[in-house]
Structures are given as structure tokens and as C-alpha cells.
Amino acid sequence: MAGAIIENMSTRKLCIVGGILLVLQVIAFLVGGLIAPSPTTAVPYMSVKCIDVRKNHHKTKWLMPWGANHCKKLRDFDEAVSRQIEANDIVFAVHIPLPSKEMSPWFQFMLFIMQLDIAFKMDNDLKENAEITLDVSLAYRDDMFDDWEEIAHAIEIRKLKCTFGSPKTVESEGRHYDCDFLPFMEIGSVAHKYYLINIRLPVNDRKGINVGIGEIKDIRLVGIHQNGGFTKVWFAMKTFLTPSILIIMVWYWRRITLMTRAPVLLEKVIFALGISMTFINVPVEWFSIGFDWTWMLLFGDIRQGIFYAMLLSFWIIFCGEHMMDQNERNRLSGYWKQVGPIAVGSFCLFVFDMCERGVQLKNPFYSIWTTEVGTELAMAFIIVAGICLCLYFLFLCFMVFQVFRNISGKQSSLPAMSKARRLHYEGLIFRFKFMMLITLACAAMTVIFFIVSQVTEGHWKWGDITIQVNSAFFTGIYGMWNLYVFALMFLYAPSHKNYGEDQSNGDLGVNSGEELQLTTTITHVDGPTEVYKLARKEAQE
């Protein structure tokens, strides 16, 4: 009877915990949907065509598109031809931000893409597989009257992918090509108030530089940065969740160290998952408000990669430790076939990220996709990572199938047990299925909300209430995985309750000091638990 009461109380507590986590999950989505603005803002910029009258000293000359010291401007290239101004004397200038505005460190990053307005002309047609060479410079200042300080200068090559929807005849002259956007620049911090971009298109007929690229009319840029309001909400969430996970981690590990045995593999992996979650949570981004840390985007990618690699590894080990078969487990080497693809895939994605954002720390105009070799290398890393992910998924599905098959087989042995023992084992099975259900729900919600955020307009409007779908996706999914890790450590922490013997019928049939655990393959210092013995016996039969 005592065992039945204990198990009923445990199930009730599990339902209460599940209800609390569900409420917190809804709150996480509402924080992003109702409080935070859209995660990012896109701002279009039209470049101004300036005349570089000091072309022999252009490396030290910054041309402003507007303001007190603005450059000498050209209306169009027809004016340049009439004034006999060469292409090498023209600079496309873009000031960031627009007039009467300032950039802010709360914007976190800047991403720019380029669009070229190229007109068709019979005597200056766009060649197939044409490449455009850009001589680009980036500078900053924090006061409208300060001198510009150079951040980066580079000569970049971009491939033009354009189509022309009309016949290439004289009548079609002046019509524009339909060209794809080109990657232009990415900076991992916005530490200054004003930025200036100068773009030159050097022409050299002998070397074939910028020859056969059509008649370029204008250069447009689209700047994308994180919204300051969303950044504040994001920082607040990270600041709140960091101590929450740290507290449950300390409590969880203290419960383990109080045991008379060494921690088992599943307990170690859950603790490692908590560490990786804390690594993501620690709000080091606060320092980016006061420091020019351009490596924050790369650092964020590394943190996310470590967490997801740990999460995928946990799922494999979680299923394996509940396999209830006759194989010796409780050691990481027993999972090398399943964990190996995770390690290889993570390494490939890390190398790809270092080749992209790692190089951008020195040259923000660099893109690995702009060259044939870079594109093939990037695709190779992504394909290998994709193959590893597919292998992992197959391994995981097979292990989940085996676990549920073995559990179904073990349930046939439950009727022969005493009532309290049967309730205890049924509780173990129920908790495993409960965690599997939560895992599937978290994975499904991540995929569903990602798809919804991609296909919707970014917000839903219900009467006077506007819900930012993309913000809700970020805050909701981020909060969900924190709650998932919290639930794991809470539910799988060792129990220290002393149940004793049932005086009426010896229900538990174990010594009064034996501890009942949530996991199924925990090995005590004096041998395996009763669940593990049961699994071995059934497997051998």
C-alpha cells in the first residue's frame, strides 16, 4: 500500500510539473509575440555617384553622399560621358544610416546585400558568367564632425547572375536585367554611430577587369540589422534563464554526489547538456554594448553548435540506457557508431563557419560563395554534415523502435511482481514515455514554428493585437529548450527518499535503505539495480 501511495504521489507531482512547464512555455512565446518587436529590420540604401576629383589620393579620401562636406555628384552616366569623366573616377558612396538617424550597439550586427541596376545596350552587352570587381572601403565615426576612420578595405569579385526577359534588339535598349542579389558585407557588431561605404568599379581593358558587365546604372544596398527592442527582450530572457538553469544544475549534481555510487553515464550526459545550455544562456552579449566585439556572431554559432551536438548525443544515450537488453552499457565508447556522425557533422559545420565568419573578422566583405573553389568547399562540408545527420536520424529511429519494443516485452513480466514493485516499474516506463513525448513535441514545435516564420508575413493581427510571429519563434523555441533541460534534470535527479519495507506483504522486496531511481540502468556500487537485472534476465530468456 505504501508503494502505491508513493507512486500515485509521484505521478501527481509529474503532472503538476508538466502543467507548470506548459504555462512557462506559453509565456515564452507570448513574450516574443506581444512584447518584442520584429527581430530584424531591412533598410534600403541607394548609392550616390560621386566624382573622385583627387583620384591620385583616393586611398585617403572619403566621399560623403550628403552633408556639409558632400562630394561632387553625378545625376547619371550620360552626364559622365558628356563631361568626359572616366569610370575609374566615379565612386558609389553610401552613408549608414540614413540622414538624421544613428546606429546603435543594440543593433548587434549589420548584414548587407547588393543589387545592381544593369541596363541592356547593344554595344555593351552583359557577357555570360560575367564577374564584377569591386574596390570597397568601409569607415566609421561617432561624431558628424570627426574624421572618418577606416575599418576595412578589399578588392572583391562577385559573379553576376542576370536574366533578360525581352529579345536583345535595339528596341530593348535601356531595359534592365533581372539580377540576383549579391552578398556584400557582414559585421558582427555595431559599435559606432555612423558608417561610410565607398565602392569603386575599376576598369582595365587589358586585364579584362570589369569588361562585359553591361551598363551599370545604379548600385543599391539593403542593410539588415537586429532591432534594438528585440535585443533588450532577448538579453532579459538570457539574464533570467541563466540563474534558473544554474540553480537546477547545482541541485541536480548535489543529489548525485550524495549517492553511495559514482555517477552513471546518463546522469553525466544530462549534466553536460545542462552545462551546454548554460553556455548558451550566459548573457555575454551585454558586453557587446560597450565593446566592439566583432566575433560575437561566430561565438554565438559555436555555442549553438556545442548545445545541439550535446542534445543529439543525449537523445542517443537516453534511448540506449533505456534499451533494457543484455548489452553492457553505461560507457560512452558503446555509442561510438551513433555519436560518431554527430562529431563528424559538427566538425564540418564548424570548419564551414570558420571559413565564412572566421575570415569576415578581418575582411567583412568576404563570402565563401563568391568563388568556384569556395562554393564547392562549402557545399562539400554541408553535404557531409547532411549525410551525417541522415545517418544519425536512422540510428535514432532504430533505437527508439527497439526501446519501445523491449519495454512492451518487459511489461509482460509486471503482473508476476508484487503490487508496489509493479507500480514502481510502471512509473519508470511511464516517465520514459513521458520524456519521449516531450522530446518529440519539442522537435516538432521547432520545425513547425520555423516553417511558419518563413511562410508568414512576420506578424499576425487580431483586432487591436499584433503578434510578431518571428519574435515568438525565437523566444518561444529558446525558452522551450531551456525548459526541456530543466525538466530532464528535475525528473532524472536521483531520489533520496527511504521507502523501507512494506510490513504487510513485502511489496518492494528491497532493503529499507535502497534508493529508487528514475533511470532504468543505474548501477550501484554493489551491483546492478533490480530493473537492470530484470532486463538482463528477460533478454537472456
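Each residue, glycine too, has its Cβ placed from N, Cα and C.
Here the structure is a predicted model, which means the values were calculated and not measured.
According to TrEMBL, the protein has these features:
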DOMAIN    48-226  domain 'Wntless GOLD'
DOMAIN    227-496  domain 'Wntless-like transmembrane'
TRANSMEM  233-253  transmembrane segment
TRANSMEM  265-284  transmembrane segment
TRANSMEM  296-318  transmembrane segment
TRANSMEM  339-359  transmembrane segment
TRANSMEM  379-407  transmembrane segment
TRANSMEM  428-452  transmembrane segment
TRANSMEM  472-493  transmembrane segment
Contacting positions for the transmembrane segment (339-359) when only residues 6+ beyond its ends and CB under 8 Å are counted:
186, 188, 297-298, 301-302, 305, 308-309, 312-313, 316-317, 332, 366-368, 374, 377-378, 381-382, 384-389, 391-392, 395
What residues in the same chain, six or more past the boundaries of the transmembrane segment (233-253), come closer than 8 Å to it by Cβ-Cβ distance?
28, 31-32, 35-36, 270-271, 274-275, 277-278, 281-283, 285-286, 471, 474-475, 478-479, 482, 485-486, 489-490, 493
Maximum Cβ pairs under 8 Å to the transmembrane segment (265-284) - stretch from the list 296-318, 379-407, 428-452, 472-493:
296-318
In the same chain, who gets a Cβ under 8 Å from the transmembrane segment (379-407) while lying at least 6 residues past its ends?
312, 315-316, 319-320, 322-325, 337-338, 341-342, 344-346, 348-349, 351-352, 355, 429, 432-433, 436, 535, 539
Report, as numbers and ranges, which residues of the same chain sit near the transmembrane segment (428-452): CB under 8 Å and 6 or more residues beyond its ends.
11, 14, 18, 315, 318, 322, 400, 403, 407, 410-411, 469, 472-473, 476-477, 480-481, 484, 487-488, 491, 518, 520, 531
Close approaches to the transmembrane segment (472-493) from elsewhere in its chain (Cβ under 8 angstroms; 6 or more beyond its ends):
14, 17, 21, 24-25, 27-33, 36, 39, 230, 233-234, 237, 241, 244-245, 248-249, 251-252, 255-256, 266-267, 270-271, 273-274, 277, 281, 307, 311, 431, 434-435, 438-439, 442, 445-446, 449-450, 452-453, 518-519
